[in-house]
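What follows is one structure encoded as structure tokens, with my remarks underneath.
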Amino acid sequence: MFTYKTKYIEKPVETAFQKLGRCIGKYPWLFFILPLLISGVLGGGFYFLQQREVDLHDQEIKNTSRNSLAKEDKAFVKQHFPHREEFSRLRLYNEGVYASLTIAVKSNILTVKAFQEIIKLDERVKSLKTSKNYTYANLCAKEKSKCASNEVLDIVNYDASKIENLTLNYPSHERLYLGGVIDGVKYKPGTKEIETANATRLFYFLQENIKNKTDAWLTLFNDTLSSETNATLGSISVFTTLSREQELKKNSESVTKLFPITYVLAIIISILSCLRLDCVRNKVTVATFGVISAGLSVLSSFGLLLYCGMPFAMTVATAPFLILGIGVNDMFIMIKCWQKTRVHDKVEDRMAETYKEAAVSITITTLTHALAFYIGLLTPFRSVQSFCVYTGTAVLFCYIYNIMFFGACLALNGQREASNRHWLTFRKVETPNEDNKSNACSVGGAYDPETNAEEDTPISVFFKKYYGPFLTKRWTKVIVILLYFVFVGVSIYGCSQMKVGIDTYKSKYYGNHHFRQNGPFVMVIVNDSTFQYWNKAARANLMACVREFENSDMVAKNMTISWLDYFMAYSKRVNLDISQKDKFMKFLPSALKLKGFSEDVDIQNDLIEASRMFVPIVNIWNPTDEKNILKFFRETARNCKSKNVDLKVYHPAFIYFEQDAVNDKNAAIDQHDIIRNTVQNIIVATVAMLVISLMLIPNPLCSLWVTFAIASVIVGVAGFMALWNVNLDSVSMINLVICLGFSVHFSAHISYAFVSSKQENADDKAVDALYNLGYPIIQGALSAIAGVIVLSAANSYIFRTFFKIMFLVISFGALHGIVFIPVFLTFFGVCWKSVRTENSEPIRGNSELVKMTNNGENS
């Protein structure tokens, strides 16, 4: 069997850590105070937090791809059809700045009584005045020097008594489109006339270039009307362009409030897991400072990145919970290594030995976690990138602070132990003997006389004497194998049920469940400056393409708004000859101004650079409809190239629809692209971690077992998250990449502990590995779960998803580490029989606890 040495990497790291540990042991106060000062300086970066927060007013920055085709189309529309002073909701290339009221009743809203209340509500909105005396009239978007009005109130001229005498056609009434403002319509038999309707909507659009003023008014609007009730009108729903931002900030603040609870939980778990009856060997204080060290690493890393101007997305708010779990886990490793040193050695010698033992272990932990996060930067999602850079940097700071700050705490605690002082009172106590052994409160400092190290914990003894032998019985192995096949089967079934996409934000784009039947108008843009609009054949091809859109069930019939249709009808009516370019371009500008189509044709230097028409979509009931609409429009536009017509299609909502797009090769972020990005990141990270394993584990077969564990955990998490109603989207993509760090963390250590064990029998090796690693794995899993458990109480989809996936990752990682992998390794004796150096001594490697089996070397 092929084996190889890893000392070219291991030895320099161990030697450097040994020297550093000795230095910290000699000067603990220096390494205790210095990180505190650094944290104080870097923590000042939080002064810039508000400036660095991603503008949630524009959610597309965060939650969609930087390579998004819809974003490219938006930039094109913005360039060729910029907003003019004259407001037009139809022509917005973004969702604008607005507030809306959705009013729904159980019966009929088109009554005098209902409209009287609606008009009163409208008057109340217009009377709202900010602290700086700004009203809607001061801030509103203007149409012909007047505030943009509401069609449903224009129809009755703000006179409620007229509503019952009107005959309203739907969705178009006398050149007014009512599909977006009246809903729940029942027609009079055989007509398009409205008999009853149960919902209406009022919009209040504001100017876009005075954000501070409009934000104040929108906030006042939301605060005043969000609790509005009206017996006549029934349900009143409020939405503004700030609603998402306010909701997300509220969710983020609610999670931030949970952070102290997380810290308390982490401290409690750390204290309980480090609690000893021996009043000298007790590590309660050390455990507490281990949690503080993780907190300082978050403060320093985030502060540094904020100083550097790194955008801070909402998803980053989950990072401290994760870093807490990772940092505390490394703390357990260092404490375990300290407990294996000789208690009578000098503190600096014990620190040197502790750092030598823990060096490669905490380094591989840091490398795997940091790699998992930094590889996440490969994704095009901005929110994922922001999360990964903050969390990856925090992992590195956590590594540094564990070495420096926590190491200093460990050394100071070692000085206390060396003088045999009580962990709480710091008073000297007697060493236990047969006469005073029963008085645990006043005696302490016990140790194993055979190894001169601290005594084993009860849980380590449990793994050695009970759990390990039980797990290696033949019938137990059979059960474990069957359980694994059940695990894989359920996971694969779950993967087959996986859904792709997130509708967390865009679901509110149209309000609530009302107003889904009649959607917005989609821009159909001619993207060809050489297109000959005056050529009858070319024009026929263009209109044939438009008809292809109109013939779909997803598009409202006879509702297309087209400057070209108007111009052709106009030229025919006034007998204009437009068959030549010069004549076409001569008459076009003046004709467009007559009907307000000037903004729909970009004329530069007597050349039409681009033009657009508007096609209304219908029946957007769920994300599947959104996917189908995006797919249809883009495919239809692409097919028109065969007619020599180059088209783009765009609506602001397409930026969000792209996450759900299916099989649209022209979409930058479709179902396959999300899956492709996720798989790409996982493959790259897995290969990188395999390389790390090969470098630090002197047996390639066992390195492959580590890779197998990574794949197994990922499949398990992917399958079970689907069964737990978690979709594959940018949020869950983050967590699947995180999977790699935790899965390799548990599996790499248990595999190496197995191959490096001195035991000759495979079952004995498994027991020995569990004896050394079982308790640290449980400690690490519990501390990591404690770091995210409070997120289960969060209202936000992002935070709940983070909890669900991290819970699965940690649980399955620990399950593989202490159940599946130890059993699988016993079936392949070839994996360990040949792992010997030339002098037949076990090869030393990355696990902090591998060497703990080599008491002869440590004593």
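The first residue you see is number 1, and the count goes up from there.
The backbone N, Cα and C atoms fix where each Cβ goes, glycine too.
TrEMBL lists 261-412 with the feature domain 'SSD'. Here TrEMBL flags 29-49, 258-277, 284-306, 312-338, 358-377, 389-412, 475-494, 679-697, 704-726, 732-755, 776-799, 805-832 as transmembrane segment.
If you look at the transmembrane segment (258-277) against the transmembrane segment (704-726), you find fewer than three C-beta pairs under 8 angstroms, all six or more positions apart, and that falls short of contact. When Cβ-Cβ distances under 8 Å to the transmembrane segment (284-306) are tallied for each of 389-412, 475-494, 679-697, 732-755, the top count falls to 389-412.
Under 8 Å from some Cβ of the transmembrane segment (805-832) lie the Cβ atoms of residues 1, 322, 325, 471-472, 476-477, 480-481, 483-484, 699, 701-702, 705, 709, 712-713, 716-717, 720-721, 724, 726, 732, 735-736, 738-739, 742-743, 745-747, 749-751, 754-755, 757, 762-763, 765-766, 769-770, 773-774, 777-778, 780-781, 784-785, 788-789, 792, all in the same chain and six or more residues away from its ends. Packing against the transmembrane segment (29-49) from elsewhere in the chain are residues 293, 296, 299-307, 309, 312, 401, 404-405, 407-409, 411-412: each is 6 or more residues past its ends and has a CB under 8 Å from a CB in it. Against the transmembrane segment (732-755), stretch 358-377 shows more Cβ pairs under 8 Å than any other of 312-338, 358-377, 389-412, 679-697, 776-799. Within the chain, the transmembrane segment (704-726) has long-range Cβ neighbours (under 8 A, six or more residues past its boundaries) at 487-488, 490-495, 497-499, 682, 686, 689-690, 693, 697, 732, 735-736, 739-740, 742-744, 746-748, 751, 801, 804-805, 808-809, 812-813, 816-817, 820-821, 824-825, 831. Mean pLDDT of the predicted structure over the domain 'SSD' (261-412): 87.
Sequence-distant contacts of the transmembrane segment (475-494), counting only residues of its own chain at least 6 positions beyond either end whose CB sits under 8 Å from a CB of the stretch, comprise 712, 715-716, 718-723, 819-820, 823, 826. Looking at which of 312-338, 389-412, 679-697 has the most CB pairs under 8 Å to the transmembrane segment (776-799), the answer is the stretch 312-338.
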